[in-house]
Amino acid sequence: MLTMDDIVREGHPALREVATEVTFPLSDEEKKLGREMLEFLINSQDEELAEKYGLRGGVGIAAPQLAVTKRFLAIHVHDEKDRLYSYVLYNPKIRSHSVQQACLSGGEGCLSVDREVPGYVVRSERVTIDAFDENGTPLKLRFKGYPAIVIQHEIDHLNGIMFYDHINKENPSYLPPDVDVFG
């Protein structure tokens, strides 16, 4: 079982590397780690388990956050209609994104960042993702709103980008016009 001790923190070189694609068939280790990443997210959202194991609540995690510079991630997040998006995705790529932008009202956080970083992180409100499941089956997934923000945050990790890289340095509270704000 993964715990917070397994997650590398900002400053670790794996968080700034561009991760390499996995090849199929996946190794047993890659499959196991993907499943453990999803299990971590599920456990972190369970109040009792989170307290028992000292887990910070998370909705997404990428392999580089575990010092594994390979292109896979897990998300476990509900949208505003309580629809669950629960996936382990290998070699995810953003196929298309909306012109309409969105952000979270309270900014973003990260399991690898142990401090609050104020500021808006403006992202696409909708994205279409191409990816593979653990068996190498191609997937085409659409995300909107909060789940779209989460998946973009995790794909950024695969490209060595941290959420705060997107924050306006001169004015962190600057919000461009016509950005939809969630939360």
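Counting begins at 1 with the first residue displayed.
Glycine residues also receive a Cβ, built from the backbone N, Cα and C atoms like all the rest.
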Remark   = Note: Swiss-Prot has H153, H157 binding Fe cation, and from C103, C110 that site also includes C110
Query = Whose Cβ lies within 8 Å of the mean position of the Cβ atoms of C110, H153, H157, the Fe cation site, other than those residues?
reply = G60, A62, Q65, E108, L111, S112, E154, D156, M162, F163
Ask   = Which number gives the other C-beta atoms within 10 angstroms of the C-beta of C110 (Fe cation binding site), all protein chains shown included?
value = 25
Ask   = Using Cα coordinates, what distance in whole Å links C110 (Fe cation binding site) and E154 (active site)?
value = 10
